[in-house]
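Engineer: Below is the structure I would like to discuss, written out as structure tokens.
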Amino acid sequence: MRVVFLGPPGSGKGTQARMLTEEYRIPQLSTGDMLREVISRETEVGRKAKAIINAGALVSDSIVNQIVSNRINESDCINGFVLDGYPRTVGQAEVLQQILQSKNMQLDAVIELIVDENALIERMKKRVQETIAVGGQVRSDDNHVAFAKRLVEYREKTAPLSKFYSERGLLKVVDGMMAVTEVSRVIRGFFK
């Protein structure tokens, strides 16, 4: 099973990806986690990414694509994986398609979680409150200004992926406003 999760920030992609990976015993591939991993292992790509991040810039698509390609080659991905946070653009989706084809693989589904923007803001506030309540570290991008920027970026860059994957017959749209367990039930139904 090879799956991509799409949805705006706060839509529950990470939660649903985690639930799916636990049930099917396949890895969840998060670009943030993959970046941190290659940086900590001090690989060549990791050193490049670290230098870019330390300079305050965004890691280029070519580096992210290389990291994803390398990660998909690892043995735990033989039976599948769930991509969370990648691809973010149509360009990355096209590269992912090439990467998978070169490995004689293809995506089984792209799951898009649809959530009302007001609900997204409420979810972000709740996440901040819950993090503070347990003495955790609040994410630097969990504030109104940063969150609004992330939503704009999602609309401009990531939302066009819906059309890209719909045209390829891969898109499965799920109402992300339902309870977490109900969303999970609907998603699992795609793979029965």
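Every residue gets a Cβ built from N, Cα and C, even glycine.
According to Swiss-Prot, the protein carries these features:
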BINDING   Gly10, Ser11, Gly12, Lys13, Gly14, Thr15, Arg127, Met178  ATP binding site
REGION    30-59  region 'NMP'
BINDING   Thr31, Arg36, Ala57, Leu58, Val59, Gly85, Tyr86, Pro87, Arg88, Gln92, Arg139, Arg150  AMP binding site
REGION    126-142  region 'LID'
Engineer: Report, as a single number, how many Cβ atoms besides its own are within 10 Å of the Cβ of Gly10 (ATP binding site).
Structural biologist: 25
Engineer: Can you tell which of Gly12, Gly14 has the least company, meaning the fewest other C-beta atoms within 10 angstroms of its C-beta, among these binding-site residues?
Structural biologist: Gly14
Engineer: Could you check what DSSP calls Ser11 (ATP binding site) once collapsed to helix, strand or coil?
Structural biologist: coil
Engineer: Using only C-alpha positions, which one of Ala57, Val59, Arg88 is spatially nearest Gly12 (ATP binding site)? These are the binding-site residues in the record.
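Structural biologist: So, spelling it out, the nearest of the binding-site residues is Arg88.
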Engineer: Return only the integer: C-alpha distance in Å from Thr31 (AMP binding site) to Gly10 (ATP binding site).
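Structural biologist: Gly10 (ATP binding site) has its Cα 16 Å from the Cα of Thr31 (AMP binding site).
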Engineer: CB neighbours of Arg88 (AMP binding site) within 10 A?
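Structural biologist: Result for Arg88 (AMP binding site): 17 other Cβ atoms within 10 Å.
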Engineer: Can you tell me how far the Cα of Arg88 (AMP binding site) sits from the Cα of Lys13 (ATP binding site), in Å?
Structural biologist: 13
Engineer: Counting only residues 6+ apart in the same chain, whose Cβ is under 8 Å from the Cβ of Val59 (AMP binding site)?
Structural biologist: Leu35, Ala49, Ile52, Ile53
Engineer: Which entry in the list of binding-site residues, Ser11, Thr15, Thr31, has its Cβ near the fewest other Cβ atoms, using 10 Å as the limit?
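Structural biologist: Output over binding-site residues Ser11, Thr15, Thr31: least Cβ neighbours within 10 Å is Thr15.
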Engineer: Taking only the Cα atoms, work out how far Ala57 (AMP binding site) lies from Ser11 (ATP binding site), in Å, as a whole number.
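Structural biologist: Roughly 26 Å, rounded to the nearest whole number.
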